[in-house]
Amino acid sequence: MGSMMAFAFSEIGLDVSIWDVKYDNVQQLLESAKNTNYKGKIEGFKDVSKFTQSLEGKAERKIFLFSITHGDPADSVLDMIKKDLKKGDIILDGGNENYRRTEARQKICEKIGVSWIGLGVSGGYQSARRGPSLSPGGDKEALDLVMPLLELYAGKDAKSGQPCVTRIGPKGSGHFVKMVHNGIEGGMLSTLAEAWSLLHYGRGMGYEEIADLFESWNKEGVLRNNYLLEIGAELLRVKKTPQGDGNGEGVGDGGFVLDDVLDKVVQDDDNTEGTPYWSVMESASRHISAPTLATAHFMRIASGNRIERLEVAKQLRIPSPSPIRGMKDIEAFKEHLHSAVYSSFLASFCQGLELIARASEDEGWDIDLGKCLQIWRSGCIIRSEGIADILQPAVSGNKGIKNMKYIDTVAQELHRTYPSLKEIVMAATDSDHYIPAISATLEYLKYEGGTNLPTKFMEAQMDFFGAHGYNLPGVPGEDPGPVSKGPHHYEWRPAK
């Protein structure tokens, strides 16, 4: 990511100094930059002090861009360069950092007159080179100074030409929005993986046939211009060759590269990726129901520890997924699956945006959800034009909408796709397929729109053992009433 950013800024015309804890990484970047015609100069450094001094005198302020693993590594680098920082310098932290840690660094830097901006960067290393989606958050003066540069660098919305970057808000808001972006991404990734599995293992479709289907979904309709469908179709077509990719992978005389990929997602288990986990924790702590995002994350966790999973499989002896027995009409199945995937994608967006809205209110950030959707229109993993076209007009301009299901068009779409969602869940469950995100979306719609939940019984039991209190149905001020403890308690079993 850091290398791609360096190339991109040099191409814009900036002189770029680079440094890394591992000097080998610097040398690799410099080697890659040879014989290029970038407008700006790229200079590498082994010594961190010489690196920081190389920027002196070139501008009134030094601008640093971090592309560093979250947590202690970024703190360590800040400690290394702090003595060379001067009042007015700006640090852009482009890592996937926890927003609270960002705010802690902002306080440290504020004392020495330095601005620390939490810069969410989305789109993977390809977009980092050609134009990512950016979500900067921090003090307004520093943001105003760097925005012209970020607007040059950011991806551009194909429809409007607007750069996919905006001032998110103060403090850690930029990294919070990027965290939620990654949470939405997790829900969508799981949904599409589940759909692929249903098509391949459930309906016996080949990879290229599924690629054709994904391409058709991406071409038009509610799932149009969706990044994950785009790359999903692309990777499904990649076959092994005698040469492979030139780096030792994908070597073979036939078959698909996808068959070389084990079912292990380890970025969560080994702590190299924290944003999906933080999204789940934030949704729980801020009382936002986000089951599609959460259960997608939990399947990733289970996938990572394959050793343990294989042992559990021996103990549970649960049937493996089998060909789908229901819905014999394959075209009807595809239509239902299209609607179910769309519903789960849309629910992922609803859950993420509701989390941002709640955090913005809690923290006083004044985030415009419409601008979040605007910067997600290009350069990022959750790009989905059809969904953005539904949501963005309804939430732009801080209209105070905190529950996305209040939006008429959103409610209509979730209502319309509900029967297909149910059909897919029933067919998949009957044939023992893995559908955590899709099934969680179905339950989400059921209980989010439920008028008589089984929690009535739960509330009574909690009152029984803990005197938690309850509200009375049909009583003004209690039904529906505020989210607060009920005034009634019944002595179900008097203490003796």
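Cβ atoms are placed via backbone N, Cα and C, with glycine included.
According to Swiss-Prot, S122, G123, G124, H181, N182, R300, H468 bind substrate; the candidate from N96, N218, N271 that the record adds to this site is N96. Closest in space to K178 (active site, proton acceptor), of the binding-site residues given as D15, S122, G123, is S122, taking the CA atom of each residue. For R300 (substrate binding site), applying a Cβ distance below 8 Å and a minimum sequence separation of six or more within one chain yields G186, S190, V265, Q267, D268, P276. Largest Cα-to-Cα span within the substrate-binding set N96, S122, G123, G124, H181, N182, R300, H468: 48 Å. Once Cβ contacts within 10 Å are tallied over all protein chains shown, the recorded positions K178, H181, H468 are led by K178. In this structure, the C-alpha atom of S122 (substrate binding site) lies 9 angstrom from that of N96 (NADP(+) binding site). Applying an 8 A CB threshold to same-chain residues 6+ apart, the list for T69 (NADP(+) binding site) reads G95, T272.
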